[in-house]
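Working notes, structure below.
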Amino acid sequence: MIIGVPKEIKDNEARVGITPAGVKTLSEAGHKVLVETNAGALSSFPDEDYQNAGAEIVGDAGYCWGKADMVVKVKEPIEKEYPYFRDDLVLFTYLHLAPIPGLTNKLLDAKVTGIAYETVRDRQNTLPLLTPMSEVAGRMSVQVGASYLEKEKGGRGILLGGVPGVPPAHVTVIGGGVVGTNAARIALGMGAKVTLIDLNLNRLREIDDIFNGRVYTLASNSYNVAQATREADLVIGGVLIPGATAPKIVTREMVSRMKKGAVIVDVAIDQGGCVETARPTSHSNPSYTVDGVVHYCVTNMPGAVPHTSTLALTNATFPYVMRIATLGAKEALRKDPGFAEGLNTFAGKITYKGVADSQQREFTAPASVLE
Ligand SMILES: NC(=O)C1=CN([C@@H]2O[C@H](COP(=O)(O)OP(=O)(O)OC[C@H]3O[C@@H](n4cnc5c(N)ncnc54)[C@H](O)[C@@H]3O)[C@@H](O)[C@H]2O)C=CC1
Ligand SMILES: CC(=O)C(=O)O
């Protein structure tokens, strides 16, 4: 199989879809890998390392996409990449289609086989290709939030951990999954007072256990969310309904009642955001203010720490890349129902229910198209 690894062109996205280690394994198995010039440079993988691992370095993104049977990326394609779509292309990457109908239409029109990292399931029913980046973004959310709480960045000028004689900041984490747990861990480590809200009571029990009762847990309902956001200096949004548009847990009215200079980091923004006033931002223009509350809503937070993130992401994605290369996409998906959950678009049909429901469109079960 010919595998294309283009350079990411989303704003300040410095990760890359395959490392030189992956190229070596693919090449040794007889596959050809085309890597666009400088695709890995910002993740500390120069072209030379790819070349030594067996890749062909190509200067033209169109050539990289056009010659490849499968393109392996990190982020969802942006408009400049839409002309590369075609019906015999397998695209393996984050897609986040639910809040992006424009991209969905383009993939459907071109009949691309679109396999989304974020909806692949493993045997434990977790999301193995989302987890590593949620770990990164969850940890980052607290350091970013702490920085925006500084006066110069528009925040209320509060030090997360406080000092002897002065209380720490109050961090409210909404969603106790991978993002939320990692955020809580870092916030606690920095000395903040942490409240975590989730709908799943069993998850709250686990959180209580993991943190030995040092995190205050709250069941998710609008009363509790209103109170916890009002008290918070920093709110971190990490809610997910896999593949679907995120529910708006924090309403505009709740934001208007928050402290002036408080900060919201809506990590769930890649799925549309769980805060009503959140809109997608980029690393070059990451924040804005609504009702005196600073909002940070970058859709590709891990792109800011590409060395760590590329390694963490590809550790998880590469075994799936290898399976597609070995078996072909259809057979690889057919053999593993959890992997088949990653199939979001196929032959002009939406094959992930969360995407179809979010866009109120027809859903086609992956099993029926993979026969
Ligand atoms: N902006 C960025 O750069 C990045 C964004 N993300 C996003 O962060 C979000 C969270 O991801 P994970 O933590 O991996 O998901 P997860 O599935 O591990 O956790 C989500 C949690 O939300 C909870 N939840 C669902 N509905 C809720 C409600 N109404 N109220 C409170 N909690 C509720 C679930 O019970 C679950 O514990 C996703 O949208 C993911 O794509 C992840 C990595 C990077
Ligand atoms: C998950 C995601 O959106 C990211 O890593 O950029």
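Heads up, the Cβ atoms here are built off N, Cα and C, so glycines get one too.
Computed from a predicted structure; not experimentally measured.
According to TrEMBL, the domain 'Alanine dehydrogenase/pyridine nucleotide transhydrogenase N-terminal' annotation covers 4-137. Per-class residue totals from DSSP over the domain 'Alanine dehydrogenase/pyridine nucleotide transhydrogenase N-terminal' (4-137), listed helix then strand then coil: 50 helix, 21 strand, 63 coil.
The Cβ neighbour count for R15 (substrate binding site), using a 10 Å radius over every protein chain in view, is 28. According to TrEMBL, the substrate binding site annotation covers R15, K75.
According to TrEMBL, the active site, proton donor/acceptor annotation covers H96 (among others).
For V267 (NAD(+) binding site), the Cβ neighbour count at a 10 Å cut-off comes to 35, with all displayed protein chains included. The secondary structure of V267 (NAD(+) binding site), as reduced to three states from DSSP, is helical. Annotation source TrEMBL lists NAD(+) binding site at S134, D198, R203, S220, 239-240, 267-270, R279, 298-301.
Residues annotated as active site, proton donor/acceptor in TrEMBL: D270 (among others). Listed in sequence order, Y94, H96, E118, T299, N300 are the same-chain residues at least 6 apart in sequence whose CB falls under 8 Å from the CB of D270 (active site, proton donor/acceptor).
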Based on DSSP, name the secondary structure state of R203 (NAD(+) binding site): helix, strand or coil.
helix
For the domain 'Alanine dehydrogenase/pyridine nucleotide transhydrogenase N-terminal' (4-137), report the average pLDDT of the model, please.
98
Between I269 (NAD(+) binding site) and K75 (substrate binding site), the C-alpha gap once rounded to whole angstrom
14
Please go through the recorded positions R15, H96, R279 one by one and keep those whose C-beta falls under 6 A from any atom of ligand 1; give the result in sequence order.
none
How many Å separate the Cα atoms of S134 (NAD(+) binding site) and R15 (substrate binding site)?
15
Select, from S134, R203, V239, V267, I269, R279, each of the binding-site residues with a Cβ positioned under 6 A from at least one atom of ligand 2; if none does, say none.
none
